[in-house]
C-alpha cells in the first residue's frame, strides 16, 4: 500500500521516493529514472530546434530543455501531435515555461502545472491507499500554559497525550497520580519521551484535531527553544509546515498526518467546531471541556491536575475515535482520486474532481486542457437555466412516495481554407471551414467510435439524430427549419435541402499550392493598381568633380495609403522585403491623414514595371486582394463591397471586373456623370452585392487587413439568404435518402458563429444529471461533433451530443455512478444524520452557492464612461425588465449578460484600484438570514450569509462570508480610486433634450447672419445632390469643404468620397429641419429657431457647428450651448449643491418666473459667488446673504444637473471624471457652502441626501482622501474628513483614522509577536529600516502602504430574516466591486463540474444540456404518473418528486408506485432510471426546497426549514421537535398550534424551568476586539472583569432576565440565576427563541406569528388545512 510520494534531490537530479507499507512492514522505494516534462504544441515542427535553445536561470543555474520527443496525443478527443519537453529538475519547469510559451512558434504548452510527485503517481498508474494493509494509527494532543497577551508558544507544553488501539496515555512533568499518566522531570524530557513513543510505536498515520495550525507549530517552537531535534519523519526529518491558502498544512515524511479539522469542516455543518461539539455530534456523547484558564490555574496551584490530565487523555482518545470514523472514507476517496490521503483530506471538491480527471486523461492518452487564466475565467462566468422545480402543494399530505432519477463518418468532405477539400477527420481546431457565412473558425473537433445505422442524404452520411436545414416555400414566405436526418426516412420532411454548386470550385481554388512569390507579386500589382504610381524622371545637374553637366535618371515606386492602415502598411513592407530585399521609406503627407511608402531603386522599378505589364497573367485572387485592400471598402449601409475610380481610370474598373468574372463572383459596374469646375466628369463604380457575391469574395479573395475582413464578415451575417433559387452561392436541391450500416470513427465540428457548414456540398447543422450525462453521452468531446451516426439533442438549448462512442466524461461517470449507488444504499441504511451528510458529501462534485447583496445598497457604476450612483436592486430590476428576452435562468438565479458597464474594483494581486467591466447582472430569489455589517467609519452593507467581503488573514486579503464576519474583523475599503479623467464640455442642448417639452416652449437658438447667409438652403441642396436627388449646386465645393471639416466626406483631386453614409443621412435630416424652421431676426441680424421645432434633430448637430449658436429664452438671456467644465464652473456647482436653491413660481402675469439662489453669510464668499455666476450667466442680483441668477436657462441647468431640494441634491456625474483640479474645486465650493471644522479639528460636510453622502465619499476617494468617516443624526448625513485639503489648513494634530495605520492585529499575525498599538506607515518603514521587523515578512504588508486598499473595522453585525430578491454582479478579472453605504469592497458571485468556471474540462453547453434534459424527463414523468396512474404530484425538484393518490391507503399507493416504475423505466433511455426512494406516512411542503416528511419507522427528514441550532435554548429545541411530531406523527395541525400556545403561555406565567432557557454561545475572539456587545459578550466581559479567564473558544451559558434596557445588560451567567431573586424575560424567549423555531413550519398552514401566542388566540378559517388531504 502506497502511503505517499515525494522527491529529493541528489547531485542536482530528482529522486522519487515512494513511502509504502508492504506485508506489514514500512519501506521506501526510490526511482531515479523519472524525468520532469511538459508538452508543447508548435505551429511548425521545424521550430523545435529553436525551442531547444531557449534558456532560463534558476538560483544561478542555467535551465535548458534536456531532450525532446514527438508524441501522438488526443486533445478533447481529437488526434494531435505535440512535443514532449524533458528537463533535468522539477524546479526547471516553472523557471522556463513562460519563455517557451512566449516563443512565436509555440501555440501553447500543456500539463506544466502538475507537481512532480503527483505526476509520477499518474504516469506510473500508482494508486495510494490501495491494498489490504492494516494501518497503525496514533492520535495525539497537547495542553499548554497560556497567560493573556503572551506570544504563540511562549508558554510551555504541560501535557502530551496519545492514543492508539492499546489505549490512551498522558505524559506530563508534574506529579499526577493516575494509572495512564507517565511523569517525567521536565518539559524537555516530556517531548523527548513523546518522540520516543512515536518512534517505538511507528504509526503509519498520525491523527490530530487542528494539528496543521496548532499542535505541530507549537511543538516545533518549543523544540527550537529547548534544543530538541523534532524528528518525527520515518526518514529522520522534522515535520514540514507549508502554507495552504489562509491556513497551514503539516507533512510528516513516511507517515500520513491526518488532520481531522479540515475534513470535518467541509462535511458537517455545526455552529461551532470545538472537539467537544464535533464528538457529541458524531457519537452522540458529551465530552467535558476544561478551559485554558482552568488548565493554567490547575498547573500553577497544583489543584485539580487530575482533571486536566483526564481531559488531556480524553482529547487524544476522542481524536483517535474520530480518526477511525473518518479515515476509511478519506482512504476510499484517495483510491478513487488516485492521490495521497494527505492531499485528498485537504482538497476542495473541485480539486478532487480535477485530479480524478487528470489521471483518467493520462490513461486515455488525452492531453489535459490548461486551467483558465483570469481573462478566460471572466468569459466562462455565464449562467444557464437550472433544473425543474414544481411549486409545492401546501398543506399536510398522507401516504407519499418519493421517486427519483438515476447523450459524419471520417470520409465526409469539407472545405478548409488553405487546404481545400479534405476529410472531416483531418480538420484541426483553428482551421476555417466553408460554412453558411463563408469561412468559419473551428473551435473544437470531436472524434468518436460509432457502430450503427447512418442516414445517407444525397451522399451526405450522418447519424439519425443529426440535423439538416430544410427550405419550404409558400406564396408569402420562404422558411428554413432544421430536421433530424431520421425524419427524412419517414417522408414527413417536405421541402428542399441547401447545397452549394461551388463546393468543389472553392475547395479547388483554396487548395492551390500557389508559391508565396506569386501571391506577393499579385498583391503588389493590385495595390499599385489601386494606390500606387511608377515614376521615371530625368534630372539635369552639374557634376562639379568632372566640370560638366550630367543627366540623372530617377526611378521611384510610390504607394499612398491612410496613416491608420497599419496592417496594410506592414504587408506592403513585407512584400518589398521578400520580393526585392529592400524596406520602403515612409513619409507623411503634410496636411493629410496619409503616408507614402517609397522605393527609389532602378532595379526595383524595372521589376515592378514588368509585374504591372503582365498583371492579367498573375494570380487573380491575389491581384484582387491587393486592389480591394487599397481602393475597396465595405459599405455598411448597403452591406456591399465598393470600389470607385475617377474619370481617367475606367480601364482599372474594367480590368478588375474581368478578373472577378474569371472567378465567378457576381458584381455590377456603373458610371456616375457629374460636372466640376465646368468640366464633365465621370466616376466609375464597381459593387459586389448579395450574400452570394460577398461569400465568394471572402472565400476566394478576402482583404489583407483584419479590420476590413471583420466588416465583410459582419455584412455577410447581416445579409438575408434571399432568392435561393437564383443565387451564385446557394442552391435548393431535391433529396434522396437511404440508410447503411457503419462501424468506425465519426466526427463533429464546433464552429464560431452560425452553427452550419457544408459537408459533401450540403448545408448541415452544427444526479439525475450523472445519469443524463451517461445516457446522452454529454461530454466536451461529444458536443456538436459532426459525422456521427446518432446524436442526442438537448431539449430547448439544442446542443447535440454524439452517441457513436463513449465520451470522456460519461465513460468515467459510469464508474462513479455505480459507486454513488453503493453510497446511497448506505445512506438509506443509516439513521445517523451526520453520517448521511458525510456520505452525501461524497456523491457531490460541486456545490453552487447564491452569494448576494440586498436591493437597497448603493452601487457606483460607469456607463459609457460616466459615473452613476444607483441602488443595485433598481439597476438590475430595470435592466432585466428592459432585456427580458435575454435573461438566463439557472434555478432560482437570473442572469443578464451586459456590456458597456464598469465598476470600481481593486486588483487582487497589486491591491491597486482599477475599473473593470461588468460581465453580468445577477438576481436571486432568497429566503434566509441577512447580515448588516456596520464599520467603525460609519460605512454599512447588508449581505446574505454566503456573500463575501474582504478581510485580512496572515497579511493577505481573503474572502470572508457574511455569516463568518464578527465585530473586530478588518475589511477592505478604498484608500483611493482611479476614475477615467478627461476634459468635459457641458452640452446644454443634450441637457434640455432631457427635460419635458413644456419646459422648453420659449427656448430658442440663434446664430449670427454673418457668414451664414443662404448657408442652410445651400447645404441642404448639396446634401440632396450627394444623395442623387438634385443636380450639383454651383456652390457645392463650399459645402463639400464644410462636410470634409466635419468628417463626413473626403475630397479628392477629382470628386469626393463619402466616409459615413449613415451619419450623413442624419446630418441631412438636421438641415431639413433647420431650413423648414429657421427664421430671420432682423433686429439682431441673426437667424433664430425655436428649440422645440428642431427637438427631434438638434441632438445630432456637430459640435463644430453648435459652438456658433446661442441658446436661451426668446426675449431673455442667451448663452453658448457648450460650456467648458473648468474649476470655476465646478466651484459654482459646489456652492449650489451645498447651499443653493432653484425655484420656479407663478408671476403676476400668470406666467412663470425662474431663479437660482446661492446663500452664504460671508461677504467675501458672496463676492466669489457673484463673480462666478456672472461669468456664466451675465448679470446677477446680490442680496444681503445671497446671490441670485434670475435666468430660466440657469434654473434648467442647475435643476437637471444637481436637483432642487436638499433631500435630492446630487453631484453632477461629469464632475467625477473631470481633472483632479475640477474635482477639488467642487469640493471647495461645497465645503465653503455647507462644511465646517468640527471641534476636534476634523473637516465636516453635511447633507440631507443619502445619495449625496455616498457621492462625496467617492469624490473624496478619487482625489486620494481616504480618512473619511460617516455619521447620521437628526436627519442629516455627516461626512468627516481627517486629512488636509488644499483649500483648508488645520493647525491641530488629528487622531489617526483607520486609513492612516496598520492595525496591530495584522502586525501580530504577520510577525508572530504582540503589538500594543497600531503603527503608522512611517513608523513601520523605520522599524523595518532599523532591523526591528523582518524585511521579508514586512514585504507581505507592502500593499497596505503602497496599494489603494485600507482596512476598516467591523463594529457590529446584525442578523435578520429576509424574503425576496437579492442581487450581485459578475465582474471581469478582479471579482470585486464597491457597494453599500459609504462604499465597501464586496466579492462578486460565482456560479456540477461542467459549469465550474475554473475547471480544465469546462463546458457550459454540457452543463445547460444536462439541466435541460433533467427538466424534460422530470416533467414528462410527472405528466405520465398523473394522467395514467392517478397520482397527484405534491412537490418536485431537479431530480425527483413526491406524489400520492388522494384518498388511497398506503398499500395501494405503494403498489401503484411500483407499477408505474416498471412502466416508466421501460420508456426512459439508457442509464436513466426512476427509483423508489421511500414511502412516507405524512409530510408537509412549505415552499421550494422546504419540506418535512416522516417515514414508516417514525424517522423525520427535513429540508430547508429553520431547524434550531445547537446553541439555541432547550425550550426552543423541544418546542420545535414537539410541533414536528404533532404534524408528522399525529397528523394534527391543531395540536401543533396548541403546543406552541401552551409553551408561550407557560413562558408568560414563568412555569418553564430556567434550565430550559439557557443559551450557549461561544466567544470567537479576544474580548477587546468585540465592539458590538451581544448578550454572551456582555456576560463574558463582566466575568473577565471579575478575574475569570475568557479566551476564544470559551462557551458562555447565560439566561436573559426581565427588565428594561439592553438585552446584554440583562443577561447573566446561568449559574448565577436565583429563582427567588430573578425572573427571566418571557417576551424575549417567546419572540427570539420559541416562535422563530416554529413560525416557518406553521406558516405553511396559514398561521402567522400572532396566531401562535396564547394571549392572542383566535379561531381562523383554516379548515382546509386542518385535515390531511390524503384522507
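The backbone N, Cα and C atoms fix where each Cβ goes, and this holds for glycine too.
Bear in mind that the values here come from a model prediction, so they are computed numbers and not experimental data.
DSSP assigns residue 788 (disulfide bond) to coil in the three-state reduction, placing it in neither a helix nor a strand. According to Swiss-Prot, the disulfide bond annotation covers 788-802 (among others).
If you look up Swiss-Prot, you'll see 1403-1406 (among others) marked as disulfide bond. Reduced to three states, the DSSP call for residue 1406 (disulfide bond) is helix.
Predicted-model confidence for the domain 'DOD-type homing endonuclease 1' (524-665) is 89, expressed as mean pLDDT. Sequence annotations record features per position, and here Swiss-Prot assigns domain 'DOD-type homing endonuclease 1' to 524-665.
Residues annotated as domain 'DOD-type homing endonuclease 2' in Swiss-Prot, with sequence analysis given as evidence: 1132-1265.
The region '3'-5' exonuclease' annotation in Swiss-Prot covers 135-326 and rests on a curator's inference.
Separation of the C-alpha atoms of residue 788 (disulfide bond) and residue 1406 (disulfide bond): 18 Å, rounded to the nearest whole number. Summarising the environment of residue 788 (disulfide bond), the number of other Cβ atoms within 10 Å of its Cβ, over all protein chains shown, is 34. For the domain 'DOD-type homing endonuclease 1' (524-665), residue counts in helix, strand and coil come to 66 helix, 47 strand, 29 coil, using DSSP. Counting neighbouring Cβ atoms within 10 Å of each of the disulfide-bonded residues (802, 1406), the lowest count belongs to 1406. The DSSP secondary structure for residue 802 (disulfide bond) is strand. Taken through DSSP, the domain 'DOD-type homing endonuclease 2' (1132-1265) splits into 69 helix, 29 strand, 36 coil. The two recorded residues, residue 1406 (disulfide bond) and residue 802 (disulfide bond), have Cα atoms 12 Å apart.
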